[in-house]
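Q: Please read through the structure below; I'll follow up with questions.
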């Protein structure tokens with residue numbers, strides 16, 4: 001990652017370094033959300049271990065949970081995220097940095113609720129609230145980064161947020177090898193506190209300050225972000241775009257009428273494709289691996305430590321995600337989606353088949369490489385294809401005027417995440433663990449058919465997201481556009 005950042009800032013160090021530093025500081029937010037995503041996998045395993053009868057010391061608040069209670073702990077964070085998206089979007093009218101500051105310390109306190117929980121209901125509440133704050137952070141962080149970044153490095157800096165989220169999940173898997181669920185929650189509570197402290201060192205976005213008619217503050221912010229370079233032309237460009245946008249704003253009633261008229265013509269297919277991709281993404285089995293990695297791998301492995309295997313899976317996700325960021329613009333979206341769904345279906349079927357054979361034949365440690373290979377192939381295929389591309393299509397398929405309609409697909413994503421995580425235990429009880437993965441394999445196969453039939457290739461298609469004002473070299477993204485970018489880069 002160090003060389004990646006070095007390459008990013010090398011050509012124009014004084015111009016880019018403050019933007020890179022600000023992005024890294026605000027990326028502590030996605031790091032905190034990643035810690036939450038990876039928490040349940042090792043934590044649920046330790047929550048379900050009863051203490052021996054003759055154990056001499058018992059925590060005063062010790063309790064164990066059932067598999068059904070574990071499914072609620074894992075899924076309630078996603079339900080909280082579903083309810084946190086819209087309030088987070090509305091709250092951005094008070095400032096991007098201000099919102100992140102406002103939620104960071106309550107985010108940390110919610111983790112402490114788990115640390116000192118005396119019963120499972122307190123963990124439920126903590127999970128829901130942490131999910132809610134995670135959704136706000138996940139929505140606002142890419143908006144902040146996209147508004148402070150110069151257009152020539154905006155995409156690279158926005159990818160930092162996604163990378164930080166994956167690193168957070170990997171850290172949860174890694175710490176979970178050594179820490180029980182209370183100590184792991186304590187570690188997770190540190191990241192939001194660090195976010196709060198980091199935000200005190202960086203400015204609000206210039207575009208928001210201009211939109212709020214705070215021109216002197218906007219100028220100071222832009223000077224800081226551009227490393228002292230001349231910002232007069234860029235500032236005027238931003239002012240022109242914001243004024244033009246304000247002049248074109250419709251009333252709420254006019255906007256709703258326009259949306260209704262265009263729904264059947266311009267928006268129906270983008271909604272179908274983006275929402276469909278979200279359904280197949282969330283019910284592909286990825287959530288099962290992410291939230292129940294340790295329990296699942298414990299069932300599959302005999303001689304391999306499932307905690308260590310979960311760490312390897314998390315590390316592989318990061319590596320595959322970095323490779324995907326290169327291939328998406330070279331190979332194209334559609335080929336990656338097709339290969340992703342195909343490999344996922346095969347890997348899931350193979351994993352389920354191995355589990356089925358394990359139940360009928362005595363398992364040996366020498367065969368552990370089979371489920372490990374299936375799990376690794378699945379994670380690579382998922383991280384290379386449908387995981388990032390489903391979000392990218394939200395920013396590419398909707399007309400510029402109604403790009404905000406991508407929030408519907410965002411809500412569908414959270415709803416499906418909740419349903420898929422909560423239903424995994426039910427599928428396991430009804431179909432067996434092998435049957436659950438066979439079902440996910442079939443869903444991935446249906447997703448492949450959906451992709452081939454309906455999903456278009458958008459590689460190289462001009463989005464015309466930027467409005468050009470003044471000279472052709474000065475490009476500024478209007479204040480409403482970064483919300484679109486957040487849809488592209490969020491988990």
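Using N, Cα and C of the backbone, Cβ positions are placed for all residues, glycine too.
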Q: Among 417-436, 437-456, find the range that TrEMBL records as transmembrane segment.
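A: Going through 417-436, 437-456 one by one, TrEMBL gives transmembrane segment for 437-456.
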Q: From the ranges 200-227, 228-255, 256-283, 284-311, pick the one that TrEMBL records as coiled coil.
A: 228-255
Q: Flag the pair the transmembrane segment (369-394) / the transmembrane segment (20-39) as in contact if three or more Cβ pairs fall under 8 Å (sequence separation 6 or more).
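A: These two segments do not touch.
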Q: Taking pairs 6 or more apart in sequence, does the count of Cβ pairs under 8 Å between the transmembrane segment (20-39) and the transmembrane segment (437-456) hit 3 or more?
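A: Contact between the transmembrane segment (20-39) and the transmembrane segment (437-456): absent.
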Q: Restricting to the same chain and to residues at least six past its boundaries, which positions have a Cβ under 8 Å from a Cβ of the transmembrane segment (306-327)?
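A: Sequence-remote neighbours of the transmembrane segment (306-327) are 4, 38, 41-42, 45, 159, 162-163, 166-167, 169-170, 172-174, 176-177, 289, 293-298, 336, 372, 375-376, 379-380, 382-385, 387-388.
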Q: Given the cut-off of 8 Å on Cβ pairs that are 6 or more apart in sequence, determine whether the transmembrane segment (184-202) and the transmembrane segment (99-117) share at least 3 such pairs.
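A: The transmembrane segment (99-117) and the transmembrane segment (184-202): touching, yes.
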Q: The coiled coil (228-255): mean pLDDT?
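A: Summarising the coiled coil (228-255) by its mean pLDDT gives 65.
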